[in-house]
Protein chains: 2
Amino acid sequence: MTDFTTTRKRFHLPDGVIYLDGNSLGPLPVAAAKRVSQTLEAEWGEMLIRGWNAAGWMEQPARVGDRVGRLIGAEPGTVVMGDTLSIKVYQALAAALDLNPDRKVVLSDNGNFPSDLYIAQGLLRSRGAGHELKVVDPEAVEAAIDDTVAVLMLTEVDYRTGRLHDMKALTAKAHAAGVITVWDLAHSAGALPVELAAAQADFAVGCTYKYLNGGPGAPAFIYVAPRHAHTARPSLSGWMGHEAPFAFDLDYRAGTGIERMRVGTPPVIALASLEAALDAWDGVDMGDLRAASIALSECFITEVEARCPDLILASPRDTNRRGSQVSFRHPEGYAIMQALIARGVIGDFRAPDILRFGFTPLYLTQDDVLRAVEILAEIMADRLWDKEEYRKKARVT
Amino acid sequence: MTDFTTTRKRFHLPDGVIYLDGNSLGPLPVAAAKRVSQTLEAEWGEMLIRGWNAAGWMEQPARVGDRVGRLIGAEPGTVVMGDTLSIKVYQALAAALDLNPDRKVVLSDNGNFPSDLYIAQGLLRSRGAGHELKVVDPEAVEAAIDDTVAVLMLTEVDYRTGRLHDMKALTAKAHAAGVITVWDLAHSAGALPVELAAAQADFAVGCTYKYLNGGPGAPAFIYVAPRHAHTARPSLSGWMGHEAPFAFDLDYRAGTGIERMRVGTPPVIALASLEAALDAWDGVDMGDLRAASIALSECFITEVEARCPDLILASPRDTNRRGSQVSFRHPEGYAIMQALIARGVIGDFRAPDILRFGFTPLYLTQDDVLRAVEILAEIMADRLWDKEEYRKKARVT
């Protein structure tokens, strides 16, 4: 049984803050500052260029990838770190399209994170006439899978509502129709058990600054199923994905397996922070995590619905169809969230009317949840959000 | 007049090391460790998600871009940071091709960094039949510019030999033939004066971990000339390049000017290190830097040729045709470099036979250069490189 009182000590949480936004940016792991200092001072500072060998920087993307892989049910040697999630979406989608060259439709849903759709739009335009991004409602995805579709590209957990797709069932349906799948795990990795290998997913991508607590702008990851790893064509064919990067040949030859999905020089300092963050997952069982996450989420829903009747649940009520976040709608959602943040309860807002709250058992307790609802209820009962200062929108919301 | 005794104090250099590899990875700026700690502890740790507004993380790519821009003669608001150099090459080359849709040839040279060629190969393959990467000798570039060429893609300073292309002349010739230019400044930015605006360069890209000392895997930059900034089409159309990223529209609309070349969430921690590194450039005049770089390089060449007759100069002898590095050839180059490193003189080796030495006046003095040659001369005179331990090749050379 995972001891979540222990994991909580692995994070720095500011005094007076209840942090319900780990689904957007996880908090600072206590070990991260020291680990990053060590990378700067003992590795970069003392080893200089020799750090690439002596400190293992060159293997870091695969080494860290395997640690992330454990949390998402990936086979060893199938995950590599680097770049940003949008870049990894591009790589996965391009490779998936190349594996299905006779079809031209990418199927996705309007609950996907917009950047994934934008990346697909840019990529498909460059592929020329006939290529199409078909975007349907999340509920209509299953029915839209047919033999015209080249790639099914979905985010498993909806960034606004927390709605959870059935990865295994949709992947099976896709495969039966000859469709390749690309799964975005941005709101899944570290949030709930993911079983990429068991689901027979083809490609998966994700970021590490949310539930994995890697830090602002932490590197992304990409998974390629072993059956595709040697045939998937790298669209972003940079030197780190070359079979022999330091031979400096003039012609590209794709590297072995997942290594070919590397592009440029690895982000060593950012990966050091992420490595410290992954230490916080030592001894954590993903089943225990899911149970704790559900308990926190259910408690929150029950309490909010009892005490704040103006807030309308935007997440699926069925806990099996939800990730590790809960969202409520209110026309004054932005101002309400600002009032909450001013009282130390940090969630976030997504246009047009969604208040998002992430539940992260590694550092969040039921007491935190009850206290947060207490404050939310006060704000709603007394309309404490109705102040000019809470309505002024910041550039980033 | 730039005071290089002051700038030297801004870097940590290990005892007993003479560092002639700042052209590969610059050393740790003294201020970087503190600046990064502050980003982790005071910003990420205390502000959490609020750091995007409160700590200015969201504007960091453009703010840092302007600081890099000053060092490469770019107009304000034309440079943005992010990703790796290979990704930025892809973006620049794709946008350049789109600006010249009736032509299908990308012209480059075999002195270009291989990753640039690999990226071009991958991109051109996806563009379909007729597209071609034409790679000629560096000396043959000028004559190969004609009206079949869509894009001229060159690295200004050759990573092996230090040969310097005439950016202004080649750009003028390219424009006269209706060719768009993409300049890679990996070995130029911070190494010598670059005048992108004056040269009328169209696109430029570069990394920041070499002469700019941003740290291992530090973010790259991209420059788009103001005349193209609103028409250049983003191939990697991620949300951070969207006109309104936080509107979460389903359709991509390219952002204003250089902002459209942003892709995903910015690498905040890595950019903090780079910001500290850029402080070391305060008060540095690029003309003074060039004069100091030439003095160090000329001193090195003169001394090595006088004392190590077996080493053959691989760099142009004309100082005006050289960047800020000097290379020598020797069939036993790898072992010689290992012997040098064992004695505290760090340069690097590039296959098949090149010993590279970078000259970086910010932290390198003439005494360092003379001492380095002293050690090199001892190694050559006594064949001290001829040991088994120096011949064993590490994975990364």
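Any Cβ shown, glycine's included, is placed from N, Cα and C.
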Binding-site annotation, TrEMBL, pyridoxal 5'-phosphate: partner of A:Leu85, A:Ser86, A:Phe113, A:Pro114, A:Ser115, A:Asp116, A:Thr155, A:Asp184, A:His187, A:Tyr209, A:Trp239 in A:Thr171, A:Thr256, A:Thr265: A:Thr265
Cα-to-Cα gap, A:His187 (pyridoxal 5'-phosphate binding site) vs A:Lys210 (N6-(pyridoxal phosphate)lysine), nearest whole Å: 7
Between A:Ser115 (pyridoxal 5'-phosphate binding site) and A:Lys210 (N6-(pyridoxal phosphate)lysine), the C-alpha gap once rounded to whole angstrom: 16
Those binding-site residues listed as A:Phe113, A:Trp239, and which of them has the most Cβ atoms within 10 Å of its own Cβ: A:Trp239
Same-chain residues at least 6 apart in sequence whose Cβ lies under 8 Å from A:Lys210 (N6-(pyridoxal phosphate)lysine): A:Gly22, A:Asn23, A:Ser24, A:Leu25, A:Gly26, A:Ala186, A:His187, A:Ala189, A:Gly190, A:Ala191, A:Gly358
Residues A:Leu85, A:Ser86, A:Phe113, A:Pro114, A:Ser115, A:Asp116, A:Thr155, A:Asp184, A:His187, A:Tyr209, A:Trp239, A:Thr265 binding pyridoxal 5'-phosphate per the record - widest CA separation, whole Å: 30
